[in-house]
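Undergrad: According to TrEMBL, the protein carries these features:
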{"type": "COMPBIAS", "residues": "14-28", "note": "compositional bias 'Basic residues'"}
{"type": "COMPBIAS", "residues": "29-41", "note": "compositional bias 'Polar residues'"}
{"type": "DOMAIN", "residues": "219-473", "note": "domain 'Neprosin PEP catalytic'"}
{"type": "REGION", "residues": "14-41", "note": "region 'Disordered'"}
{"type": "REGION", "residues": "142-162", "note": "region 'Disordered'"}
């Protein structure tokens with residue numbers, strides 16, 4: 001009995017021991033399973049987050065959601081968001097804007113592009129990468145202007161007396177896009193399409209297509225703008241004409257330009273300054289390349305709020321279906337080689353008072369309506385011809401951006417750039433020679449000018465220079 005009792009107790013203790021060991025093993029297995037489950041879950045969610053961050057499309061309308069899921073894309077700055085555009089074309093990588101500000105800015109850009117890129121009846125791909133849209137003439141941007149709504153382009157005006165057509169080959173084929181052999185049909189005009197990248201290259205969205213304000217009087221305090229010009233003043237001017245030598249000067253950075261143009265000017269040189277401008281320019285910021293391009297400009301308030309380049313705002317009315325304002329010019333002149341120039345005529349229509357632009361041998365490009373202006377509704381008080389560059393001093397010294405050919409005036413024909421056959425239009429719509437041409441270079445050690453007159457070229461001058469050199473530090 002005692003033995004049996006002791007044996008029973010021993011068996012009972014062994015069974016309890018086995019049950020405790022099995023319970024401990026199960027608890028240990030459960031803990032391990034829980035640990036493995038947590039690890040797998042953590043890895044799964046981490047992988048999902050990482051995959052989501054990599055694959056989630058960076059679309060403007062989802063920027064707010066991206067900032068929550070992938071915080072690395074949102075700004076860590078607590079300062080107010082900037083509206084300035086960075087150096088690159090990637091708005092996410094180069095902006096410190098919050099998602100709401102990004103959305104607002106890109107909506108603005110989209111709406112602006114829809115405003116200036118009118119519906120096209122035909123599209124032409126230029127060999128240089130430009131896209132040319134053929135837009136119905138009365139649907140062009142000019143007629144978005146409040147005082148031009150509902151209007152249609154006017155008929156050609158009477159040309160100035162004394163005007164002679166110059167014999168110019170390729171008069172309608174001086175632009176790269178026309179080398180495709182395609183043109184816009186009658187009743188339309190060619191407009192260079194503006195892209196989002198064009199706008200993002202601007203120093204800010206609000207300044208796209210506009211000149212930064214600068215002093216028009218040629219002195220050393222011109223906010224980085226430097227000039228070599230010939231000019232006349234002291235009378236009433238109703239237009240101007242010149243042949244402008246075309247080159248492809250080197251521009252050293254995106255925020256500088258080099259141009260050669262005519263100015264018809266009126267006003268007090270204050271906030272009421274009126275100008276009409278036309279010529280060629282190299283502007284990497286505006287066009288994204290280094291080609292010389294045919295351009296126009298206007299302002300009625302000293303470059304503050306009115307006016308723009310080409311057709312980038314309402315104003316200039318284009319009438320020609322063969323010339324695209326803002327398109328690249330070809331051919332260009334070469335040092336010690338062939339020389340190429342374009343002839344431009346600006347004059348005030350005696351009947352309607354609008355300022356017309358003609359290219360080459362009688363090709364009307366279009367006109368600036370008189371209603372755009374205040375002082376220029378009457379006449380100009382000064383006419384200028386010549387070159388202009390922007391010197392940003394980005395590296396702490398004078399820019400190496402070239403003016404004209406990049407060579408000084410003294411090198412002469414085939415080396416230096418020139419203006420020739422300069423004339424003005426008088427009160428009676430007559431083209432007359434310049435009576436008192438003055439020349440001025442505000443930084444002559446960087447860019448200079450030398451004038452002259454002969455029977456073949458009439459009034460002319462050579463101008464330009466290399467920018468930074470031993471005498472222009």
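Note: Cβ is positioned from N, Cα and C throughout, glycine not excepted.
Caution: TrEMBL annotation is automatic and unverified by curators.
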Undergrad: Let me spell it out: take the region 'Disordered' (142-162), skip the flanking residues so only those 6+ beyond its ends count, and list any with a Cβ under 8 Å from a Cβ in it.
TA: 115, 239, 311, 314-319, 345, 347, 349-352, 354, 356, 358, 364, 366-367, 369, 371-372, 425, 428-432
Undergrad: Over the domain 'Neprosin PEP catalytic' (219-473), work out the mean pLDDT and round it to an integer.
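TA: Reported value for the domain 'Neprosin PEP catalytic' (219-473) is a mean pLDDT of 95.
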Undergrad: Please work out the helix, strand and coil residue numbers for the region 'Disordered' (142-162) from the DSSP assignment.
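TA: Summed over the region 'Disordered' (142-162), the classes give 3 helix, 1 strand, 17 coil.
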